[in-house]
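Peer 1: Input: one structure, supplied below.
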Ligand code: ADP
């Protein structure tokens, strides 16, 4: 039986999990991935093994799995049964908000949980759900190592001008700042650059994480200096169902003229806008690319336009640009979107290699292109597993030394 690390990503309607086996020299290999989705509506547990085989496909009524802790309990029962009762050697959790001070993955303790709870109002849809499984495990298995890995940490060294809003300072002090998200994805890509794109590794690079959530990160020498996301994951690029950058006056309008409550506005901004709202057809880029409807075309045109204009903003923050990386579901798979973006970025020195792009190559600009563009698949789960294993190994170093002594 090999040692395993469990990676957990608990959201408002799903608990996603991955199991990594720890091999020789601490190489990590994914053994399984799954999720319990539809919590409180149509709960369904689904998991696949490393060869893609289905390991479980089970459904419940909404009342049986009403919340995240119950869903997590069911997922753990399945994992236990599947792992012959063995516990993982450690659990890594994706936690959306580390606030201003959590600048690195952190080993969970009662005190750490207490320090993370005040960030719930900063991310009410995500933070409580991220913390729920952490608390369950901490109560049931206090000696099992848990590591919280934050989406915000990678961005915590932004210069002050990128971190502030032009609002009175008390609000900044209480946490109203431009945090930036998708940090685990950006950190993973930063780690891949030396192998895949050595010529831009120490340069000025924009990484575009284009999935159902979308943002871009400006990296200089692989460190984040700015991001398109701010206080919440609503800002910046348009997304599947979120609008991206929006004049705060629109929110006032919705309250005053439409009589919408805070909860209604929240649901509207997270669920009904973006590509879905603009096209009136779908939030999925695959559907929009396949559609001949003018609204679908316009939604994609708008998406590309915003990527290009915000690239200008981030290039200005870096004082120029040497490279661009596409990642996540859309970035990795949607060649027509990548082509349209690069055509708009020609003025910054990106010369699209149309054939390489259509063929799904890793480098998609021509040899002589002054700036280089790459497609690099992201792997946030592996990043969390690595952080978790590192924390475990770092903890056990003194023990080993004691033994040797
Ligand atoms: P998340 O992890 O945030 O749920 P992903 O990174 O998996 O999101 O991205 C999901 C999105 O990627 C889908 O909503 C879809 O728009 C897009 N996508 C996935 N595959 C393709 C494809 N082959 N072509 C175009 N878009 C795709």
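The chain as shown is numbered from 1 upward.
Glycine residues also receive a Cβ, built from the backbone N, Cα and C atoms like all the rest.
So TrEMBL says this about it:
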- 151: active site, proton donor/acceptor (ACT_SITE)
- 9, 380: Mg(2+) binding site (BINDING)
- 16, 209, 210, 211, 212, 213, 284, 285, 286, 329, 330, 331, 332, 333: ATP binding site (BINDING)
- 94: substrate binding site (BINDING)
- 182: site 'Transition state stabilizer' (SITE)
- 242: site 'Transition state stabilizer' (SITE)
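Tell me about the surroundings of these features in the structure.
Peer 2: Under the DSSP three-state reduction, residue 151 (active site, proton donor/acceptor) is assigned to coil, being neither helix nor strand.
In the three-state DSSP scheme, residue 9 (Mg(2+) binding site) falls into the strand class.
The Cβ neighbour count for residue 212 (ATP binding site), using a 10 Å radius and every protein chain shown, is 16.
For residue 94 (substrate binding site), the same-chain residues 6+ apart in sequence whose C-beta sits under 8 angstroms from its C-beta are 7, 8, 9, 10, 130, 149, 151, 184, 380, 384.
Long-range Cβ contacts of residue 182 (site 'Transition state stabilizer') within its own chain (separation 6+, distance under 8 Å): 151, 209, 213, 215, 217, 227, 229.
In the three-state DSSP reading, residue 242 (site 'Transition state stabilizer') counts as coil.
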Peer 1: Tell me, how many other CB atoms lie within 10 A of the CB of residue 210 (ATP binding site), whichever protein chain they belong to?
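Peer 2: Here the count is 25.
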Peer 1: What Cα-Cα separation, expressed in whole Å, is found between residue 16 (ATP binding site) and residue 242 (site 'Transition state stabilizer')?
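Peer 2: With distance taken Cα to Cα, residue 242 (site 'Transition state stabilizer') is 21 Å from residue 16 (ATP binding site).
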Peer 1: Would you mind sorting out which recorded positions among 151, 242, 286, 330 put a C-beta under 6 angstroms from ligand 1?
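Peer 2: Only 286, 330 meet the Cβ criterion.
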Peer 1: So which of the recorded positions is most packed in, judged by how many other Cβ atoms lie within 10 Å of its Cβ, out of 242, 286?
Peer 2: 242
Peer 1: Could you measure between residue 242 (site 'Transition state stabilizer') and residue 212 (ATP binding site) for me? Cα positions, answer in whole angstrom.
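Peer 2: Just about 9 Å between their Cα atoms.
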